[in-house]
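Trainee: I'd like to ask you about the structure that follows.
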Amino acid sequence: MAVDSHDYTFKVLLVGDSGVGKSCILTRFTSGIFEESTTSTIGVDFKVKYLTADGKRCKLTIWDTAGQERFRTLTSSYYRGAQGIIFVYDVTRRDTFESLEANWMREFDIYSTVESAIKMVVANKVDLSAQRQVSSEEGHDFARRHGCLFVETSARANLAVGQAFEELLLKILDTPLLLETTAVGGIKLGAVPTGQQAGVCSC
């Protein structure tokens with residue numbers, strides 16, 4: 001199958017404070033590498049990844065947004081048309097966890113144009129257990145209260161990074177309204193068959 005042949009295109013947005021590891025998560029997922037030293041994202045960056053789920057080949061355009069305050073007005077425009085939103089915090093910095101509710105989820109509520117968008121909370125840097133300031137239970141409870149999926153990851157240790165995107169994709173595919181959002185970025189070329197066992201592969 002040609003690289004650009006796919007059944008669906010979905011837009012996924014990574015948001016969170018500067019330094020929580022959004023760019024590292026994205027690079028780990030799309031390129032399979034971890035970059036120890038990365039510069040802060042200026043404005044927005046994006047990468048493309050193809051996954052096959054439930055027999056459907058999906059193109060994910062994953063947008064990595066700047067976490068700095070001075071880029072907030074620029075970042076806001078990128079919420080539009082996103083079928084998936086990943087809120088990332090650093091488990092070793094409680095302020096980044098608290099910022100999800102105080103800042104990022106508020107922005108999502110204001111700027112998102114896809115009512116059924118799937119939300120996920122990702123707790124990153126869990127390999128730094130000795131420095132942890134936010135417990136797993138606290139992260140789970142927060143995600144549940146806000147109607148989000150929840151995954152703990154480590155881009156450095158390559159822990160559950162792929163799992164996070166795979167779970168998000170399966171949930172998107174399981175939401176019929178998101179398969180019909182052609183006007184806001186989702187391209188529907190076929191219906192997802194029912195009754196198939198869930199499964200995801202990278203290709």
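Quick reminder: no glycine exception, Cβ is built from N, Cα and C everywhere.
Keep in mind that this is a model prediction, so the values were computed, not measured.
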Trainee: Of the ranges 29-37, 38-46, 191-199, which one does Swiss-Prot flag as motif 'Effector region'?
Mentor: 38-46
Trainee: What is the Cβ neighbour count of THR65 (GTP binding site) at a 10 Å cut-off, with all protein chains included?
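Mentor: Total other Cβ atoms inside 10 Å, all chains included: 25.
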Trainee: Sequence gap of 6 or more, C-beta under 8 Å: which same-chain residues meet both conditions with respect to VAL126 (GTP binding site)?
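Mentor: Result: VAL91, ARG132, GLU152, THR153, SER154, LEU159.
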